[in-house]
Amino acid sequence: VPLSPVCGSDGVTYDSECALKLMRCMIQKDLHVVMLSPCKDASPSSVPELHCSRSVYGCCRDNVTAAQGVGLAGCPSTCECNRYGSYSKTCSPSSGQCSCKPGVGGLKCDRCEPGFWNFRGIVTDEKSGCTPCNCYPLGAVRDDCEQMSGLCSCKAGISGMKCNQCPNGSKLGPSGCDQDPSVSRTCSDLHCQYGATCVQSIGRAYCECPPSICPKNKQFKVCGSDGVTYANECQLKTIACRQGSVINILHQGPCQGTTPSTGNIQTTDLTPSPKEHTNLSKIVSLETIPILKAIFPVTDNTTGPQVHKMYTVTASPGVIGHPTAGWPPSSLTSSEPPDLSGSGDFSGDTDLEASGNLEGSGVEPMGFNESSTGPPTPVPNERSTCDNTEFGCCSDGKTPSVDGEGSNCPPTKLFQGVLIVEEVEGQELFYTPEMDDPKSELFGETARSIENALNELFGNSNVKKDFKSVRVHGLGPSDPVRIIVEVHFDPRTSYNSHDVQRALLQQVKQSRRKSIVVKKPEQDNVKIVDFDWAPLLFTTTSTTAARTTVPITTASALPVTRRPPPATTRWPKVLPHAKVPSTTTKPATTRRPPFSRKVEVRPATVKVHRPCDSQPCLHGGTCEDDGVSYTCSCPAGRGGAVCERTIVYFIPEFGGRSYLAFKTMKAYYTVRISMEFRASNLDGLPLVQWTEKGKGLHFYRPSEGYVELRFNHGVWDGVITSKTLIKPGNWHHVVGNRNRRSGMLSVDGEPHLIGESPPGTDGLNLDTDLFLGGTPEDEMTLVTERTTATKGLQGCIRLLDVNNLIYDLQERSNDVLYGSGVGECGNNPCSPNPCKNRGKCHMKEAEMFHCESVGEFSGPTCADKHNPCDPNPCHQSANCMVLPEGGSKCECPMGREGELCERVSEAEQDQGKAFIPEFNGLSYLEMNGIHTFVSDLLQKLSMEVIFLAKDPNGMIFYNGQKTDGRGDFVSLNLRDGYLEFKYDLGKGAAVLRSKAPIPLNVWNVVTVERNGRKGLMKINKDELVSGESPKSRKAPHTALNLKEAFYVGGAPDFNKFARAAGIISGFTGAIQKLSLKSIPLLKKENIRNAMEISNFRWHACTKTRNPCQNGGVCSPRLREYDCMCQRGFSGPQCEKALEEKSASGSESVAFNGRTFIEYHNTVTRSEKAVQVNYFEMSIKTEATKGLILWSGKIAEKSDYIALAVVDGFVQMTYDLGSKPVTLRSTIPVNTNQWVRIKANRIHGYGTLQVGNEAPVTGSSPFAATQLDTDGALWLGGIEKLAPGNRLPKAYSTGFIGCIKDVVIDRQELQLVEDALNNPTILHCPAKK
């Protein structure tokens, strides 16, 4: 097209004919070129228009339009141009061709041209023309597409709406799907647009649109720049991303403008809406955002003529799209006005008719034959043309409705059904309250998607010959969404509801293309019944009289009964005399024969969700299920409805199932016990007991108001009963002694009562914990067998004296190992009433209560009118937790953040950032057990942790042997600010406790070690704590046996931990380093599961801007950091570029195994006491051993640091006077290629990096931090090592190879000029 000015028929000069056509498209009016030059001064618009009677051919029948030829040629009555597909009512007088909108074809502009679709969008959405199919040529069979959805016909093995997707990340090429290494594997290779975020999964990276869920503070409607009202800001962003378009928020609240109904659109003046200028059909490439688009019409249930709106919905990336199944073709018996004929009618253009049939049907053209493996893919049948009409189809799927009431629709036989659906067209369904409104856009989108999927399944089932259509009647909350549908069949069909249900189930299970996913087991979640049995299943207000019905085409807002909570789900009853309101549908014109046989409707078997399934109890509380609700039994120090409150007690109170545990007491021959208690009732409850595997039981308990002392030496019990009656509510003092087989008991100073056990052994071995007030549930069985007592004390204990040692019973005591259900004596947790909304408070154990709801309120404290987690407001990968104070909290998996876990975390997006996990008290990391990382864990353990704590309580790590509260374990835990390192080897726990509280909000370095029974904990390199586990005379108990997972920062259920660990809360803070024998554990590839983990934002290495330049990797070092520079750069921030020097230059020195060069250990001077070392150098060698660098003293048992090649790998070894530390690289260097080495030491912490490998780290096990040297540094080797160093032979062998670009303490070392001795210095050859 020539780019010269032209004059338009509107009298305006345009820069070119293209500019004129663009304007014509935008204003949606007839505009053509009248002059191939600029318009003259007297524009055509200024000339008065002549009446048609004065034209050459006179007027048309409307007496307004001028005829274009003889015989009313070109007049609207003759042309019959479709008013939606054409620009005007007139046509060419010679050919009769109307002026069509873009993509519209046919003489009358009443159909989409080949390669275009969505004629209906011109009518309902005022689109500027038909939408291009954009079928991908390498994956599609044809260029045209299915007219209702835009779905292209794909070749075998290719999927996607536009046939542009291959499975498993393969690339679509001329020969089909081929594996392509260029497919994005990581997010660094992928650029996401339109608000999408990159997600890595199964070796692929893809773009994921944000969820449509919104926080409460954003739950208000907004008006988009496309003229559409959205439920909230989040829905707008989601739809914009799915459409691949930019939609901005114009203002809060609904859009003011309304879309005119079709009845009000004038042919002569069709005003474009803002939507006309927005390309809603934009296709984003697979490499950018692999999305799948499907079109779902929304029915606008308003008075007057019905308008169908089209909205674009995008499925999840990589989801296979499916064509919409139709029904057998048949001729229409009713005529239709030509302006509503849509794209399926005959247009008069015989050349385009065949193509139009194909584009409407999706059937492959004749002659096409492509071999494929696997079961045949269902091919959609021809769709009826009524889908493109103004009021859509009747329930028979063929007849076009002439009005919104469907007054002309033929009768159908109606079945109703309910399905519990999880996915539709690859999109996971989540219920939202907006789905209750049949007028909402969300209801329309979801319903249309479900109808398309079910139409496809029924259209390929064994009942398809009588099947007509499916209509969605209602959406309701379930697990996740309950769908109520109407299934329409031929009124003369012989199929019953069982046949229909069986056919649908068969398709759901066997269909290869999963257009709809029903919750498993499918047979329990699909139910079809006859229409007159529908109230039993749905309890809707549908009439039960009409068994054959004429459905209307508008959405019917039938109320749907919400299901009660899962624990109380019951099937609704039908009242025999209940009056059911009738619907607005017309009476049926035909009826089926009366229903003659009884149909038994059996409710589907639904998995019963127990109240404790969601693990509602916090901080290690035990959930107890009563079948309707739950209560939490809290550990000592916790209380509240779900153990959310911190309890501080001074005099412990026990509730019958409570207890406190202490260390095992020594009572082999003698023991003296004194205690003071107050009981609230007298039903034979134990006060204190301790056992040894069922033998030897010492036990106090009130029996009918009297205290008993029992002791057993292995055969029979010795029993002494007091004579003083115990009075409820009074304090009593009890003293008991045992000396071998003799015992004594006295209550409140009464005369001593003497007794003895039967003859046997005199000694009593006790090896379990001492329990006060009761026992753990699993220990109570043994107590019941020996004493008939079934519960613990209900009351208070203020004194316990064992062998003249008074135990501290307070909550923060060091004597208490662990406990459960203990509170302050005299406290009433129900005063004041913690239950909201008039809930009734029931006191349970001490400091614990249960709220009984009144009315419709629920939750731990009756704070919520509805379950805030049903439906789940969180992202699909997150867990929803009901809060005791009301509302909910989303527990995000690792990689997601935000109030609703709606965002991908920054650390997940930037894989180059350092990973410093931050914990919030409910977070945890789960890994494989530490026994899987090292082989010699049984006898020895060495771990280092660098952490920053924000709360004085919380678990740092735990690994155990069992999940029943017993067994071996190792743990590190903060308790009241003190750090506790515990391990149990089978005889009892060793407890190593810090001498002072750990400082908060600063980085702490802790090293824990175990060798046999002996343990050591070093804190911040200056505090040393030692201890050992209990010993046994029968077994050594020196091995640590671990079998379970390793948890960091917390766990999903603390009840599975060993009770002796005393862990009841998660860690709050950040963990910078966690290593096991220098093996770093905090790597993402080691993590099996994670919850509520985010990256610590307050360290330089995790901030948005990387402090290391030129691609350097930031390595955290407490508050500071080190930069691991890429090759060719050096400096603290890798800001210096190293010049590449010639290999024959003076700075590339060759070493022959006898060349030993001496330097100052800090380049310019000698330092005798060094806290920090930093080395960088490049080496080239073929040798498998040789000493590269040495700094230290040449004396026995002296400090040193060294670099050497050992077995072809670089090793860094240093000894600060306590124990040598060896770091070994994983990259071989004996390749005769230049390799860069970086090594540093900060106090006892060392790092080694060779090439681009991940740094290898380690630390000195004891408190030494200083390297004492003679001030010298040697390259290439040393004359003689001290005999006591016990280093490998490689350290006493000289280095053979080349060394260059040496950096010492971040200063360049001149290999020749800075040398202190004068050896023969050789140079490397010029050829590298």
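Glycine residues also receive a Cβ, built from the backbone N, Cα and C atoms like all the rest.
The disulfide partner of Cys130, as annotated in Swiss-Prot and taken from the candidates Cys112, Cys133, Cys135, Cys145, is Cys112. Candidates considered were Cys632, Cys634; the recorded disulfide partner of Cys617 in Swiss-Prot is Cys632. Proximity of Cys880 (disulfide bond) to non-local residues of its own chain (separation of 6 or more, Cβ distance below 8 Å) is seen for Pro868, Cys869, Asn872, Pro873, Cys874, Ser888, Lys889, Cys890, Glu891, given in sequence order.
Taking the Cα atom of each, Cys152 (disulfide bond) and Cys163 (disulfide bond) are about 6 angstrom apart. Cys177 (disulfide bond) sits 11 Å from Cys163 (disulfide bond), taking the Cα positions as reference.
Closest to Cys617 (disulfide bond) in space, going by CA atoms and restricting to the disulfide-bonded residues Cys79, Cys135, Cys166, Cys223, Cys241, is Cys241.
Break the domain 'EGF-like 3' (1097-1135) down by DSSP state and the numbers are 3 helix, 12 strand, 24 coil. Sorting the domain 'EGF-like 1' (608-644) by DSSP state (H, G, I as helix; E, B as strand; all else coil) yields 4 helix, 11 strand, 22 coil. Ranked by Cα separation from Cys166 (disulfide bond), the disulfide-bonded residues Cys79, Cys130, Cys1134 are led by Cys130. The disulfide-bonded residues Cys112, Cys1125 differ in how many other CB atoms lie within 10 Å of their CB, and the one with the most is Cys112.
Counting only same-chain residues at least 6 apart in sequence, those with a Cβ under 8 Å from the Cβ of Cys154 (disulfide bond) are Gly139, Ala140, Val141, Gly160, Cys163.
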